[in-house]
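Undergrad: Pulled these features from TrEMBL for this protein:
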DOMAIN    160-279  domain 'Palmitoyltransferase DHHC'
TRANSMEM  33-53  transmembrane segment
TRANSMEM  65-84  transmembrane segment
TRANSMEM  207-229  transmembrane segment
TRANSMEM  241-263  transmembrane segment
Amino acid sequence: MVIGMCRSFRDRALDRCYHCFPCLSDPARRSSLVLKVTLVMLHLVYVGILFLFDSDLIDKTKKEPWYTALYLLLFLATLVQYFITSGSSPGYVLDAMRAVNETNVICKQSSMAKQRQTASSKNGSLPVEGCQSGRNFQGTDSTSWTKLVMDMYPPGTSIRSCICPYCNVEQPPRAKHCYDCDKCVLHFDHHCVWLGTCIGQGNHCKFWWYICEESVLCLWTGILYITYLRANISRAWWNDAIAILLLIPLSIFIVFLLLLLFFHSYLILTNQTTYELVRRRRIPYLRGIPERVYPFSKGVCHNLYDFCCGGSNIYSLEPLPSAQELEEKSRPYTCLDVLTCRCC
């Protein structure tokens, strides 16, 4: 009887909670929310313990307030960048297809309006703008999504090999279906559990800036903890047990973040993704390419420019390189190539 009443009360409380907060009814969104709350609490605990026990830091804040202000500004910027990245779109294939179809409709309407205005004008020289402002892809004003995608593959490629069996949509090169998001992602890199979203073409740059800011923040926090422990080294170790216990996982996390930062920096410089690097032998268009050849690389400088300044259009598509381009990229470097900055 008592157990039944408790279950009934629990069910009603959960129903009321789900009614007030619909996002909690979805297990995936609920786990994502728990992760976000956990991350914020971890940051607050580390910073709060530091300011609670470190009297030298408090004195330094009174003498040099700019030092603490910079640290707290980085702390706030890191959390803001985390939420921006977790809430950003990685660039879904379905959204890109809708953008292409909308562009085609706009261009067709503009073309028809231009023809009517030309026919009704006496001299036929009325200035009517075309679809240049609406183009997101080269040639999308006159081609369908299927033809646009198939033109990016070598001639003779079967359309069945390019269709995702889950989304039932043609996948452009470098796209992959994410089983966690249940969507196809452009330039799929990986699904980040900590962020609760995929990392792809649309948010890879935001992700890199987040791990960069997080790495700097953790390094700075670790230095502050070590400084505190060195200043109180004469005391018994159990008096600073909390700081020691917090410093151990923080050190591990710093090593992990730095390795992750260097790894993604390498991927950016060579225009690769984590999925392409790890599953290179299982991806059809990468099987016959030597491991030291980066088929999508345009040079270090160009790769950096596309990564940092190419975020205005998250639906830009990239065709597979031709055999001639692959042969050129697989050619060994010579002294002349170094002098002419071929790698750039």
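Glycine too: its Cβ is placed from the backbone N, Cα and C atoms.
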Undergrad: Please give the sequence-distant neighbours of the transmembrane segment (33-53): residues at least 6 beyond its ends with Cβ less than 8 Å from one of its Cβ atoms.
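TA: Contacts of the transmembrane segment (33-53) (Cβ under 8 Å, skipping residues fewer than 6 from its ends): 23-24, 75, 78-79, 82-83, 86, 193-194, 196, 221, 224-225, 228, 240, 242-243, 246, 250.
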Undergrad: When you scan the chain for residues with a C-beta under 8 Å from the transmembrane segment (207-229), skipping those not six or more beyond its ends, what do you find?
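TA: Those are 46-47, 50, 53-54, 56-57, 71, 74-75, 77-78, 81-82, 84-85, 189, 192, 195, 199, 240, 243-244, 246-247, 250-251, 253-254, 257-258, 260-261, 264-265, 268, 307, in sequence order.
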Undergrad: Reported in the order helix, strand, coil, what are the DSSP residue counts of the domain 'Palmitoyltransferase DHHC' (160-279)?
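TA: The composition, in the requested order, is 70 helix, 14 strand, 36 coil.
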Undergrad: Please compute the mean pLDDT of the model over the domain 'Palmitoyltransferase DHHC' (160-279).
TA: 92
